[in-house]
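The block underneath contains the structure these notes are about, expressed in C-alpha cells.
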Amino acid sequence: MEYTEIMIRYGELSTKGKNRKDFIGRLAGNVTKVLRDFPQVEIHPKHDRMHIVLNGAPFKQVDQHLKKVFGIQTYSPTIKTEKTLKDIEETALALMKETYHEGMTFKVNTKRSDHHFTYDTNELNLMVGDYLFDHMSNLKVEMKHPDIVLRIEVRQDAVYISDELLHGAGGMPVGTGGRAVMMLSGGIDSPVASYLALKRGVDIEMVHFYSPPYTTEKALNKAKELTGILANYAGRINFIAVPFAEIQETIKEKIPEGYLMTVQRRFMLRLADLIREKRKDLAIFNGESVGQVASQTLESMAAINDVTTTPVLRPVATMDKTEIISLAEKIGTFDLSIQPFEDCCTIFAPPRPKTKPKMDKAREYEARLDVDGLIERALDGIEVTPIYPDEKFLANKAEEDTALL
Amino acid sequence: MIYFDNSATTKIDPSVLATYDQVAQTIWGNPSSLHKLGDRAFQLLESSRKQIANLLGTQADEIFFTSGGTESNNWAIKGTAFQKRKFGKHLITSSVEHASVTNAFNTLEYLGFNVTRLPVDKEGRVNVNDLRNAIDSDTTLVSIMGVNNEIGTIQPIEEISDLLSNYPNIMFHVDNVQALGKNIWSRVFTPRVDFSSLSAHKFHGPRGTGVFYKKEGKMIAPLHDGGGQEKSLRSGTENLPAIAAMAKAMRLILADEAEKAAREEAIKAKIVNYLQDKPGITIFSPVSTGFAPHVLCFSLEGIRGETLVHTLEDHDIYTSTTSACASTKVDEASTLIAMNVDDKIATSAIRMSFDETNTLDEADEFIKVFDQIYRHFAQINHLGE
C-alpha cells in the first residue's frame, strides 16, 4: 500500500496559547527544511494538525527525516480514497493486512467532518468492521486498549484512512526557544547536551576550541562531523572554530600546574560568551555533568562560571554517564565520539588538577596574563562554517573503497 | 587451451588485478602509520575486512589476514596446540588432509604432542563415530577439512559440529581452502567452527594472501610475533593490495554462486557420464551431494597419472595428478592411499577441477581428446579383454 499523506499531531506547543501561530509556522519551516530533497511534497500547516501530501514521495524515506523533527508528538501515514463504501472497505482491508499480526486486537474509529456523507460514524464503524471480519481470519476486537486503531476520516474532499500511530521526536520546534552557543568538544557528552538543547526548541551554534599542532585536523573534523549528525535535528548548524593554542601555551608557561585546567576553562567560557554576544545569542550551553571530572565539580564550575553572568545551561548536569551514553547511541553520535583523536581538553591536562579550585586564586593567577590580548587574537582567528545534515568531514573514502572492492 | 586445474590455482580476474594495481600504486601507505597516507590505507584495510566478514556471515573482528591457506592452517593447528598445551596435548585430524595440515601435525608430534589421524571410508570421508571414540579428556583440537583437495569429498562437518557441541573446550578447525564459492558453504562453515582457512588464489584472487577466521572470544597463540598488527595475533605489515584484491575476488566469486556451482557440476557430470563403465577406469568423485561440484578424480589403469597429465597437456588440456602441491615429487596420492585404494590404481589417478569459466564445450573437447588417448592405452594394456 502506498501512503498518500501524513497527518501530524503537534506536541506541547498546542498548549502555548497565543504563541501557537509562531510555533506552527516554525515547525512547518523546519519540516520543509528536512524534506527539501522531496520537492513534490506539499506541507499544509493547520491550527490543530499538519498535513503532508506526499505526491508520490516514498513514505519510508520521508519518515527517516520526519522522526527527527522536534515539535511533533505523533503522526500517522494515511491513504486517501474515494468516498464510496467499496473504496473505504478495500483500502481498510489492504492496510490491515499489512499491519495486523496474529493475536493483535483492533477497533475501527470513524470521524466525519462531512456530515452529508451517506453513512454516519456508527454505521461506518460497523460496516467496515464486518467487512474486515469477513475477509480476515482470527480478528479480535477490543474497544478499550486495542493494538491497532483503524482511523477513518470522512472529509469534504475524500476519505482518509490510517492504522498506525507513530511517535515523533517530541519537544518543541527548533528556533522557538531562541538561539544559544553550545560548547562542543567532540566527546560523548556535549553532542548529547546539544541534542537536548535542540529538543527544547533552542537553536544552537557550536563553539569548538582547537589547538594545532597539538590537536590534529582529524579532531576538528570529528567535531564538525558530529555537528553534521546533530544538524539532522536542526536543519543547519553554524560551527565556530576558535584557535586556542596560543592561550594554552601561555597558560602552561605562566600558571601553576594545579590551576592550568581552571584557567583554561575560564578562557574558554569567556570566549564563548564574547562570541555569543557578538552573534546576539541568548545563552551558553555545555556538556558538563556534575562530578564527572575535575573541571566539573561544583567548586570548579563556580570558579569557572565566575567570568560571566550569562546563563550557562548544562542539560546533562545530572545524568549518569551510562544514561548519557545510551542517549548518544540513540542519536547516533556515540561511535564517532569515541574515536580517539586528542582534543584540546586532553592536551595540557595537568596530572593532578585541583578538584576544588579557589575562585580568588584563579583570578590572581590569571592577572599575570595579557587576558585581553589573548582573547582578541583568538577571536580574530575564528572561522564560521554552516554545517548541514549528515555532512561528512573526516576523510571518508567509503565510496572509493566500494569501487575498489 | 582448456584449463581444468582450478583446485591448484585459478587465473586472476582482470578486475581483481586492476584493484591490486591501483591499491599498490595509490594507497601504498602503511596502515599503521599515523599520517593520512597510513590512515587511508588503514581505512581500506578495514573496509576489506568488513566486506569479507559480510560475505562469509561473520563479524569483522573475526577475520584475520594471512599469507594464504598454508599459513592459516599452520596457525590454527600450531597456535591452538601452543595456546592449549596446559590443558591437553592430544590433537585429532584426518588422514586425508592437505600437506600444510598433515605436516603441521607431524611437527607437533615431533615436539611431543599426541596426534590421532582418523581413517576414512572408500569415499574418503571420516566417520563421526571414529571421532567420538578418539576424543579424550586431553583433546584440545580437531582439524578436519571441508572439501578434500584431491578427490573433492565433502567431510561431515555438520555431524562433527553436532558431536563437538558437547565438547565446548575442544577447538574445531576446518580447512576450507577448496570450499568457497561452491554453494556448500553452510555445510562446511557451521556456527560450531572455531577456526577456518581460506586462500585467495583459489578464487581468482592474488597469491600470497588468505583469510584466517577466528571465532570471537577464542584464544590462539600467534605464530608471527612482531609489530602487533592484526590485534597482535599476526604481526607483519599488511599486504594491502592483495587483501583488497582478495575482498573483491570474494565478492565476485560469491555472486550467483548456486548457478556457477551448478554449471561446474554439469561439466563434471558430462565427463563422468562418458567415463563410467569404461574398462580400466575408476572414478573416485561421483556426482553426488557428498562431493564438491568442481572436482573429478579418476584413474586409468596401467598408466601413471603423470603420464596422462602430460599426454593431455600435449593437447593443450591442463589437469594434475592428485595434488599439485606434491605432484612434482614422485609421491603416491595420499587421499587415495588412505582410502585403501590399490597402489597401482592410486598412482594412475588424475584430478580435474573446474570453475565457472569452464564450459560444456570444453567438456566435449576433452571427451573427444581423451577418447583417442583411452583407445590407445586400452589397446596397449589389454583393458576390457
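Including glycine, each Cβ sits where the backbone N, Cα and C put it.
As recorded in TrEMBL:
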BINDING   A:MET183, A:LEU184, A:HIS208, A:PHE209, A:ARG265, A:GLY287, A:GLN296  ATP binding site
DOMAIN    A:60-165  domain 'THUMP'
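Sequence features, as recorded in TrEMBL, placed on the structure.
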residue	record	contacts (Cβ under 8 Å, 6+ apart)
A:MET183	ATP binding site	A:SER190, A:VAL207, A:HIS208, A:MET268, A:LEU269, A:ALA272, A:ILE284, A:PHE285, A:ASN286, A:GLY287
A:LEU184	ATP binding site	A:SER190, A:PRO191, A:SER194, A:MET206, A:VAL207, A:HIS208, A:ALA223, A:LEU226, A:THR227, A:GLY287
A:ARG265	ATP binding site	A:SER295, A:SER300, A:ILE304
A:GLN296	ATP binding site	A:GLU288, A:SER289, A:VAL290
Per-residue Cβ crowding (10 Å cut-off), top of binding-site residues A:HIS208, A:PHE209, A:GLY287: A:PHE209
Where A:GLN296 (ATP binding site) sits in the secondary structure, as DSSP reduces it to three classes: helix
Rounded mean pLDDT for the residues that make up the domain 'THUMP' (A:60-165): 89
Recorded ATP binding residues, A:MET183, A:LEU184, A:HIS208, A:PHE209, A:ARG265, A:GLY287, A:GLN296 - maximal Cα separation rounded to whole Å: 18
Tally of DSSP helical, extended and coil residues in the domain 'THUMP' (A:60-165): 37 helix, 31 strand, 38 coil
Helix, strand or coil at A:GLY287 (ATP binding site) [DSSP, three-state]: coil
